[in-house]
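A.B. asks: Handing you a structure now.
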């Protein structure tokens, strides 16, 4: 009997609802099937995002700044909706069902986008703009249909992304040393494999869009998603499933409500007097940060109903309070990583537009402007490979730890993004000097597109560090029952980064063009000063880095030794313990 129990995973079940057998469920094979659906999601999202600005400018005849904002708003909404997906996964559907449902939604969205780009009635008449002519822009109906397709994709992406990484980590048992070590490698390999999807998107898919047709490119995305869903379902009998512990958002509000209700009460000197009804093995020890929340665990006679059960809106256990504290400690790190994704947004908007004005030929082959992001993806893959195969083993021999901590990786990512923006400003200064020399209306400037490689490389390498660092940080530093919503919180940093980009573009365009000139972000970037905009982002990123380092030092949750032995508190009525956890 004891041997049988050792083969099961304590907090996971199989597809029949029985305790998961370690030898028959979980591990790398099911995790790989889950990775497959994320690879195809990245193929679709990146295949659309990196080349969408050229479609909006060249086919829909929109201004460059407007087009850039449409792309960043689309991506921002995609990642913001991760909170919705996380809430549904943790509260109602579970990560497996959430992944399947929203992957289907994204499949429908990409299919609709393929149809929209195929029908000539849904785009304005072709024309070639010049200094004396203006092309007819897409009308409201045409843009409305395009928006429906894009935001259907955004909805699918948001719901899928919040669950797929958490469901992947569910396949490894943190209490087993071997599987815990495998999980540490999962984060790097997760990002490595989705980078393969990005690489396919910015090379093969962008080429098909430009040379064969947009509808063909988007149709391939839809088919790939359909296949990945079938592969995902094929592993149903091998997956480990974690049971939902209720809505984490409700739990957070319960702690806030209970602490607010008792805000005028004094905390007991002896912290063992705080209420605790969580089993000993699952308890989280008291910490000193956010002490005002501790008041939610002060037990009073009016907190108990029917003699023994507690009202969760009046009284919460120490463990429940500490779970909310854990989420609160994530917020400063969350806020100071947003700016990275603002710099990232430039790589798929203005950097792609820069590429359209430069010499992109290699012999008789012309590199599609959107495919220049291949250097961005290559930087990610090279960085991850070097880190996984070289840095991690060396660091383990030297420091005894398997690589940099998640906070260190995020710091490295922020530093590399600053260098990337500085390189972008210098490259743009050079490009503009060529434009002034040969004429700003020149369609293709006599300067190589490879001038842009450094900015793609530094920001790409930065993403490799910051993405894996954030994913590791938000999954491992959050309570077990809030991992999906925590993943959604991480992904909102990407969302807000895109929205901040849209906001900055709008403000900079309005302020710098206030006197009737072209401003920094002109419709024709040869007349603008994009280098100044990149310089502004480098300065903002440098300031943000300083704030991040302060927050990283602050993030040191220390246990209070007086609270280490917090015991279950007996209720005031009949001496019985409370039966319901907050």
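Just so you know, glycine gets a Cβ as well, placed from its N, Cα and C.
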A.B. asks: Looking at the candidate ranges 447-467, 510-530, report the one that TrEMBL labels transmembrane segment.
C.D. replies: 447-467
A.B. asks: Of 330-347, 348-365, 564-581, which span is tagged transmembrane segment by TrEMBL?
C.D. replies: 330-347
A.B. asks: Which one of these stretches, 215-233, 367-387, 407-427, 488-508, 533-555, has the most C-beta pairs shorter than 8 Å to the transmembrane segment (70-89)?
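C.D. replies: Ranking 215-233, 367-387, 407-427, 488-508, 533-555 by Cβ pairs under 8 Å to the transmembrane segment (70-89) puts 488-508 first.
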A.B. asks: Short question: most Cβ pairs under 8 Å with the transmembrane segment (190-209), which of 215-233, 330-347, 367-387, 407-427?
C.D. replies: 367-387
A.B. asks: Would you confirm whether the transmembrane segment (447-467) and the transmembrane segment (330-347) meet the contact rule of 3 or more C-beta pairs below 8 angstroms, pairs 6 or more apart in sequence?
C.D. replies: yes
A.B. asks: Cβ under 8 Å, sequence separation of at least 6 from the ends of the transmembrane segment (533-555): give me the contacting residues as numbers and ranges.
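C.D. replies: Result: 329, 332-333, 335-337, 339-340, 342-343, 346, 350, 407, 410-411, 414-415, 417-418, 421-422, 424-425, 428, 504, 508, 520-521.
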A.B. asks: Could you tell me what the rest of the chain brings near the transmembrane segment (215-233), counting residues at least six beyond its ends with Cβ under 8 Å?
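C.D. replies: Distant Cβ neighbours of the transmembrane segment (215-233) are 33-34, 36-37, 39-41, 43-44, 47-48, 51, 99-100, 103-104, 106-107, 110-111, 113-115, 117-118, 205-206, 208-209.
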